[in-house]
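Read the structure below first, then the notes.
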């Protein structure tokens, strides 16, 4: 008498029928599928033993069900991305979720190197200085009215230039005649002494320190022979082609101040009325 050869689940004889052998015994095809087959995450049907099965993150699919949720393209042999549990081919993912490069207008592919600033995105190789057109990469840059400049180009294009040497002023500086100057460029035309923070004057638009201006251009006091520079509120008296400091304009005999008083010229000297009338 032959030994029974039955399905381990439904106990029906398997003689002359197709079956599948497992560690727990033989199964007829229907019982095997009902017991061991996975359910397709897409169509919710069992994935039979004779179907090609694909799986991703604990989800199983028929080969024909493993496709892009937007364009229905098969993903069996294609790169894909999962977005909020949905499977997307790269084209659909890029179209829906990737940024467009602000420079070239092409898609910035997932995983590629990119730069983001002010809500915009660029391919790394598309983010260029508007001046020298070199990639800005991780360099410092300055935005200006929709353009982007590396620091040297920005300074060269927009930074104020010294009125003397024409080079850019990156920091500090002083203003003279409504123009910017490097502190080290604002010097006396006569002695080259730095004038920044010092009292100075000018002649024919050239700056001079007080000493040089007095020596070169100021009238000389007829009494003390020193320059009359007039800076800081200095006052002087002029008569014909002669000049005096207020403090020097006094009677040559009695030294009485003649400022605001009548006086009498006496050769190279000036006398008060009293000394003039007293005679020699």
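Using N, Cα and C of the backbone, Cβ positions are placed for all residues, glycine too.
Listed in TrEMBL for this protein:
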- 38-98: domain 'LIM zinc-binding' (DOMAIN)
- 99-160: domain 'LIM zinc-binding' (DOMAIN)
- 219-280: domain 'LIM zinc-binding' (DOMAIN)
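Each residue in the domain 'LIM zinc-binding' (38-98) has a pLDDT score, and their mean in this model is 85.
The domain 'LIM zinc-binding' (219-280): residue composition by secondary structure is 12 helix, 20 strand, 30 coil, according to DSSP.
When the domain 'LIM zinc-binding' (38-98) is classified with DSSP, helix, strand and coil residues number 11 helix, 20 strand, 30 coil.
When the domain 'LIM zinc-binding' (99-160) is classified with DSSP, helix, strand and coil residues number 11 helix, 20 strand, 31 coil.
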